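What TrEMBL says about this one:
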type     : residues : note
MOD_RES  : 271      : N6-(pyridoxal phosphate)lysine
ACT_SITE : 271      : active site, proton acceptor
BINDING  : 365, 545 : substrate binding site
DOMAIN   : 475-603  : domain 'Alanine racemase C-terminal'
ACT_SITE : 496      : active site, proton acceptor
Ligand SMILES: *Cc1c(COP(=O)(O)O)cnc(C)c1O
């Protein structure tokens, strides 16, 4: 919560700029923000219904960039102007990634956005504090802030600070001045409607040797925020739940898009309940970000997306029998023609159907052989079936060994030869696509129209399988709570069949998550760990349907405390990749096992 600092102490040296950049997420193609800020911004904009209209003019800037901006402005518009309108190097909140300049899409994107005063702006302004934002330079405070009014310039400070400043009608400088008067012995006590807080400041002067010392809001002061009573349990976060990091998802989408050519588009692969993340929330989020091609495995999944997005292309990758032709046609879904027999049956129903044709380039799963142009060509002649895409699938694009690369290159050549052959016969193959996530990361030079991204969007790429190193962040984390604690004497057994017994006197924590939530029952025999109190602790014994056991030794854990199954706590992280490795499977399986009974909560 201590985010009322203008200069970020941890990232003050130029050589650390690249390090700092890694901790930011892309929120659009130009703008990077701290994840905490990006999440709050996502929530703020969607609550106000401004997804389409709001654009972001700037986010993070390095010290070097700020220096250039300052110098250029001085040269162009004079010293006075520059120092009235441009924040100085090391005094700009842009270095922290916490400032947002907002604009209206399609309007002049100059930093002065005169249009940002319509109904949406008013709506967003009215509830800015609830999402942790303050208006940085209000009109009536220009004397205090020393800079002209900037009605579009918001800054994230966290909901608590924003609420206090809003109630007291303070700008940052006034708030900071007030906080300076609070000390450990005389903290500011505040009730935010749910919880009591104590706030005070402490000097960290001994470690500061910088010119910024002495100014009001800088790294010479540490702000302490202490909760005085336990945080109320948020709705849904009671037994076991999945958190979806909206900032990470947006960041991954933009990172992948930036890595593609302008002509390429993402086809978001959301089969298996969006790889266990939750189909509806993920499809809705991606739709709002402008994704308009989706792929799924079943009719049911396609219908969930169609309900949320009336215009997107939704391709069903799996088998759909002809008896669904009417519904497919009415909902304008795109089918994969999984065999000539199915294609003929679909054609005979008389309903107009849109489809993509798979080409077998070596996986031997679906489609006619790439070399058999006659067999491929006859699909395009079927009445009532309009083929708008032609695709294939790489069967070992995630394998970087030389032999595997030879196989993949052969697949690629067969595919493009088939496409060329079809074109030669005067057939339009429609949109061409070949790569999944690893196909894109390891063969980025291919110029297909669509890239089918599943696991990369969800940020679970194995480094050693990927040649392109993109900064992709995990979207899902899995959380549970301690339901009970048991002291066990050495040799005492716990759980079904006493499969496990305490190797020495210890404490077992009983977690409120089990195999019917989607953890493999075998994982407690395979060294899978969870995070409690920021420490790794092993699952032990036979996992139950809705509960499991952890040996926590002498950790001072308490009932009700949060436990991380997948995700980060303190300095420790457990990834889906780690769990997949330990349980002898692959990440898509680990994630797609996560059951629907766990609430999906966007953070
Ligand atoms: C599942 C699937 C994908 C997505 O694969 P990722 O490796 O998760 O990106 C792409 N194409 C097809 C045909 C698929 O079945």
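Backbone N, Cα and C atoms are what each Cβ position is placed from, and that goes for glycine too.
Distribution of TrEMBL features across the structure.
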residue : record                         : contacts (Cβ under 8 Å, 6+ apart)
271     : N6-(pyridoxal phosphate)lysine : 295, 296, 297, 298, 301, 317, 318, 454
365     : substrate binding site         : 358, 393
496     : active site, proton acceptor   : 541, 542, 544
545     : substrate binding site         : 514, 515, 516
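DSSP assigns residue 365 (substrate binding site) to coil, not to a helix or a strand.
Each residue in the domain 'Alanine racemase C-terminal' (475-603) gets a DSSP state, and the totals come to 24 helix, 51 strand, 54 coil.
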